[in-house]
Amino acid sequence: MAEIRIRNTNERIQGEENVRAFLEGQEVLYEHWNPEQLPVELRNKFILSDEEKGQILATFDNEIRDLASRRGYLTWDIIALSDATPNLDELLKKFEQVHTHTEDEVRAITAGKGIFIIKGTDEVGYFDVELEAGDVISVPEHKPHFFTLMENRQIVAVRLFIETEGWIAHSYDDPSFQKAQA
Ligand SMILES: [Fe+2]
């Protein structure tokens, strides 16, 4: 289940209802899918064939189509990252820059872990959303954020798009943002 850490105060927010309420206040959508629908052999697999990716999308087809019909997404795919990904460190360096998009950024984690760092309201400042299998998040358009892996460096997620072009990152220079933990 997702957990929040507010960077300025180190406060942690846990429990589905608390997390959902906090994120709602920050205009971040949070939902949850049952990750146990996924066949056991795919729950801990981070190098995926096209067939296995198709199997994951088929497993969550109802959830994907429900989310897509409510929010207007037209295409979706699977992203898998792990130490087996070529140039993972370089890729993560590129990921770890605060940026915005003209489209929202939706991720439904199906295996592994990941973390969104998001710029909240002025009172809250930056906060981390730690995500695991079953967590579904949408960071709204124009909201500064970045996404990266956690210590285990493994994730599989469904991405949903309105238009893939709407998802191009625009960097957001924020001198007040400190990557290092307080
Ligand atoms: Fe992004």
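Each Cβ is built from the backbone N, Cα and C atoms, and glycine gets one as well.
What TrEMBL says about a protein is an automatic prediction, not a curated fact.
When Cβ atoms from all protein chains are considered, those within 10 Å of HIS101 (Ni(2+) binding site) total 17, not counting its own. The Ni(2+) binding site feature in TrEMBL is assigned to HIS99, HIS101, GLU105, HIS145.
Reduced to three states, the DSSP call for HIS101 (Ni(2+) binding site) is coil. Sequence annotations record features per position, and here TrEMBL assigns Fe(2+) binding site to HIS99, HIS101, GLU105, HIS145.
Summarising the annotation, TrEMBL assigns site 'May play a role in transmitting local conformational changes' to ASP104. The 10 Å shell around the Cβ of ASP104 (site 'May play a role in transmitting local conformational changes') contains 23 further Cβ atoms across the protein chains shown.
Marked as site 'Important to generate the dianion' by TrEMBL: ARG107. The DSSP secondary structure for ARG107 (site 'Important to generate the dianion') is strand.
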Item to check | Intrachain C-beta neighbours of GLU105 (Ni(2+) binding site), sequence separation six or more, cut-off 8 angstroms | outcome: SER138, VAL139, HIS145, PHE147, TRP167
Item to check | Sequence-ordered recorded positions from ASP104, GLU105, ARG107 with Cβ under 6 Å of an atom of ligand 1 | outcome: GLU105
Item to check | For HIS145 (Ni(2+) binding site), the number of other Cβ atoms found within 10 Å of its own Cβ | outcome: 22
Checklist entry - Can you check what DSSP calls HIS145 (Ni(2+) binding site), collapsed to helix, strand or coil? => result strand
